[in-house]
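Handing you this structure, nothing more for now.
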Amino acid sequence: MITLTTPGILTSRTLNRSSSDSNSDSESEQSMSEGEMARLMEEVEEKKKLISNIRNKPWRMKRRLQHLKDAQQFVDKFEGALGKGKGRKLYAYKVMMTKKWIKFQRDFENFKTACIPWERKIKEVESHFGSSVASYFIFLRWMYGMNLVLFGFTFGLVVIPEVLMGLPYGSIPRKTVPRAEQPTAMDYSVLMDFGGYCKYSVLFYGYYNNQRTIGFLKFRLPLSYLMVGVGTFGYSLMVVIRTMAKNADVGGGDSEDGEFTFAWKMFTSWDYLIGNAETADNKYASITTSFKESIVDEQENQKDENIHLRRFLRVLANVLILCSLGGSGYLIYFVVKRSQEFATRDDLSWYEKNEVEIVMSLLGLVCPPLFETIAELEDYHPRIALKWQLGRIFALFLGNLYTFLFALFDEVNAKLDEEESIKNASIWAMKEYYANFSAYNNDTSATPPPINPADVIRGPCWETTVGIEFVKLTVSDIQVTYLTILIGDFLRAVVVRFLNYCWCWDLEAGFPSYGEFDISGNVLGLVFNQGMIWMGAFYAPGLVGINVLRLLTSMYYQCWAVMACNVPHERVFKASKSNNFYMGLLLLILFLSLLPVVYTIMTLPPSFDCGPFSGKTKMYDVIMETIDLDLPAFMGTLFSYAANPGLIIPAVLLMVLAIYYLNSVSEAYKNSNMELKKKMQMQRDEEKNRRNNTNSTNQVMKDLEDLLPNRSLVPTPAPQGATGEPGCSRGNRDESARRWVAAVTLRRTLLPADAKGDPGGKSAKVTGKPGAAGGAVTLQKDVSLASPNPRTAVTRPPGPRGPGPLPGNQLQVPGGEAGRGRGQPRRQ
């Protein structure tokens with residue numbers, strides 16, 4: 001028998017009473033009104049919502065399963081009935097498509113999770129080394145994704161169009177190796193210095209032609225080169241800010257309340273869906289590491305220290321680090337200046353050729369451990385110490401980089417002077433060539449044969465020189481990083497592992513021991529390297545591809561090294577849920593990397609014989625040329641007005657005011673959130689105290705009930721009107737008497753003996769803090785809580801007695817009501 005019943009809607013209506021007659025079934029179902037169908041549909045939708053949100057209900061598992069089962073049965077039962085009326089096919093199609101869409105969304109989410117690169121590898125590292133080490137690899141993965149997009153822009157809009165549609169190699173001087181360099185152009189040492197054929201390739205700025213359009217597509221390569229160079233910074237800025245905003249939302253709960261931290265970790269950490277033994281081991285290691293992180297946080301919160309000594313040591317540590325930073329900056333400036341002197345000589349050794357790169361790499365290798373040793377004086381929390389270490393190494397790398405840039409731009413200015421003289425010399429050489437050819441043939445109208453591109457006089461092409469320096473610096477940094485991991489971690493772990501049993505001391509506990517993963521050094525290495533990529537990509541488009549390969553190999557190489565050669569930190573700590581500190585450093589290095597490129601585009605003249613901007617006064621002239629030749633005339637006028645400083649300065653001021661306003665609003669919202677959190681915490685505390693006080697009061701009353709007189713002394717209800725008093729019942733009088741007895745007992749219990757006038761009565765001592773969790777009421781057993789009953793023993797049989805005070809007690813029942821007791825029967 002099929003009965004269509006909806007809770008609260010069709011509870012008294014049955015749509016079918018006979019299971020044997022199918023025609024009556026259909027007639028009964030079709031007889032449902034439109035309103036009933038609509039209400040039934042709403043009920044089905046509510047059940048579907050309950051099924052989707054059942055996990056969020058604060059119910060026991062048994063209750064959840066029961067409600068889930070009932071809701072599923074209801075949906076399965078009535079969805080079919082709803083499809084048998086009007087619009088059956090449309091509704092059935094809608095239901096089917098909704099289920100398929102939900103399944104597609106679930107499968108797509110699973111697919112996106114499976115497509116996240118290196119997720120399982122990073123989780124494995126996190127389970128053994130904590131979230132702080134895993135945050136580095138998450139940051140590395142994010143950097144790889146961003147550089148992959150930049151690689152697509154650069155190669156898709158600059159490199160590939162030049163290779164496919166530009167002039168081939170050897171057709172013009174800028175794409176040809178000079179005659180003097182051809183014998184050594186393929187030597188290994190020359191190629192390792194990115195000279196020879198590498199210098200005259202698509203890797204560097206000088207290879208690209210200055211034709212306004214190339215190929216049958218009329219592709220504007222110079223304009224594309226400039227737009228990609230500027231768009232690289234624009235895209236990077238947008239991605240970094242967007243990621244910081246997203247991480248701020250995700251990391252809003254970083255400041256944990258600290259309530260029941262270990263209880264939550266103990267009872268809610270395990271994932272009961274794990275079915276793999278290796279995954280279970282990783283989860284076990286992850287839970288253990290998280291407990292260590294929480295223990296470190298708890299110890300830091302309870303630490304007591306000498307504040308004056310700590311301040312002195314921290315000031316001393318900062319003075320030492322400032323001295324180290326100044327010395328490293330001076331050393332780099334001295335080395336770069338000396339390399340300019342070496343450039344005028346031909347007999348240079350390998351060290352003299354690569355002195356700048358070697359010194360910068362060694363400073364990046366030696367200074368971070370030195371800073372870490374000095375930082376031991378400060379004794380910060382590991383998380384705060386990491387931020388200080390990151391900031392100091394960032395200042396080191398930034399100072400070294402800008403010192404390198406200042407010295408490099410001194411060399412650029414010297415090359416510009418040299419380029420001007422070579423340009424004049426090449427013009428005189430061409431005139432002499434034409435004049436000599438005409439004199440030799442005694443014919444001024446004869447066309448001289450073309451000059452071989454390899455024999456044309458070349459300028460220094462300072463853009464390519466700068467690009468080569470950045471590429472050499474990046475490659476040397478990669479080599480030093482990999483060699484450091486191989487020697488400092490792998491060989492060190494091999495020595496400790498296989499020589500420990502035959503050594504004089506314990507190599508694992510003492511020197512050299514296993515290495516720890518250097519979070520600050522590796523993070524700042526990534527940030528510093530990315531800054532060099534941003535600055536050097538404009539002068540060497542192939543640098544982005546080199547960086548993508550570097551990040552790809554670093555993920556596998558460093559994951560292997562950390563799992564095989566390193567041990568967890570002695571003081572593990574929990575990293576922030578958001579990597580906004582890393583992103584903040586990256587945003588700062590992005591801004592500082594933008595300044596040299598903008599200075600180059602707006603101030604320095606491009607080389608006259610190489611690069612897509614040759615022949616222009618400034619690089620940005622390409623934009624003005626495009627506006628004048630390709631856009632309508634009013635667009636040129638509009639851009640000229642937009643470039644007016646009278647409009648730019650107010651626009652910048654307006655942006656600054658808007659940023660200030662938004663920052664003020666954000667701070668106000670943040671303060672409001674803090675106040676709301678405090679109020680919620682106060683409400684929780686009040687509720688907890690109220691609940692604890694209720695429990696304590698209940699315990700007191702329970703103890704008092706045990707001390708009450710015999711219940712047989714309490715009057716029992718009598719039949720209605722037994723006393724014969726109008727308007728008053730015996731039950732009400734008995735209830736008031738019962739309350740009076742309880743009040744007297746409570747008064748004698750809680751008031752002091754002198755307040756009651758009873759020298760023999762002693763009050764109960766209640767210990768325990770009111771409102772404390774689990775606070776019990778301690779009653780001293782050797783102190784009586786009520787005064788002894790002065791009445792003598794009763795030897796007569798029980799019977800009714802008249803009104804009046806009880807024997808031995810002069811206190812009267814309120815209202816003068818007669819009571820019942822064991823007094824002597826009243827004689828008539």
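Placement of Cβ uses the backbone N, Cα and C atoms for every residue, glycine included.
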Which range is it, out of 190-208, 494-512, that shows up in TrEMBL as transmembrane segment?
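From TrEMBL, the annotated transmembrane segment range turns out to be 190-208.
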Which of 150-169, 190-208, 315-336, 389-409, 638-662 shares the most C-beta pairs under 8 angstroms with the transmembrane segment (223-241)?
150-169
By a Cβ-Cβ criterion of under 8 Å, what residues six or more beyond either terminus of the transmembrane segment (190-208) are in contact with it?
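Residues 158-159, 162-163, 166, 169, 174-177, 181, 184, 221, 225, 353-354, 461, 463-464, 467-468, 471-472, 538-543, 607, 610-612.
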Between 315-336, 389-409, 532-553, 581-602, who has the most Cβ pairs under 8 Å to the transmembrane segment (150-169)?
532-553
Please spell out the DSSP helix, strand and coil residue counts for the domain 'TMC' (461-576).
82 helix, 4 strand, 30 coil
Roughly where does the domain 'TMC' (461-576) sit in mean pLDDT, to the nearest integer?
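The answer is 86, the mean pLDDT of the model over that range.
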Under an 8 Å Cβ to Cβ limit, what residues of the same chain, 6 or more beyond the ends of the transmembrane segment (389-409), are close to it?
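Long-range Cβ neighbours of the transmembrane segment (389-409): 321, 324-325, 328-329, 332-333, 336-337, 340, 356, 360, 363-364, 367-368, 371-372, 375, 466, 469, 473, 520-521, 523-524, 527-528, 531-532, 535, 581-582, 585, 588-589, 592, 596.
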